[in-house]
């Protein structure tokens, strides 16, 4: 395995973190502005995505056409993009970032499904169920725009009020553990005692019978 795969370039992650946490305010504001403009054009003005894409492509082609003709008119060398290509390092960094996100998602699903407590599993399932219902009320563009806005606001709020959020989370976790302990004492242990009592008698009887058979064989 190559060194780049094992040790991804941290600059990409640092840039994303800086944008999400508004350390680079220009980039963060630009991302929010582009997302808002896209949502307004597609949702409020009901433009089709292919229509917007076609208009953008027409604008770019027209600008290049004007640029090329102006260069020819003034006797300058026309721009050439025949050697334009995406650097291999940039493509590898993008692929590694996507790979890491997918791996994190799979690990999270496995942890919640196989390693978490039942109340944590129930909470995740309830949240996903509510999300599936709420997502039915909106279209994909609105959900995507909400995700972008949430990604640019929730981490910032969490970092700013981290201590308060941790105290609130720990309080909820302790309350959940108390509820689980009470349920275990009042319901689960009683059921175990009843089942264990009945099963214990059968096991004891079997042990006594085995001892009697061994003694009879010895005699």
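Each Cβ is built from the backbone N, Cα and C atoms, and glycine gets one as well.
Your range for transmembrane segment, going by TrEMBL and the list 92-108, 143-159, 160-176, is 143-159. Looking at the stretches 118-137, 178-197, the one that TrEMBL records under the feature transmembrane segment is 118-137. Among the ranges 52-70, 71-89, the one that TrEMBL lists as transmembrane segment is 52-70. Remote same-chain partners of the transmembrane segment (118-137), defined as residues 6 or more beyond its termini with a Cβ less than 8 Å from a stretch Cβ, comprise 112, 143, 176, 179-180.
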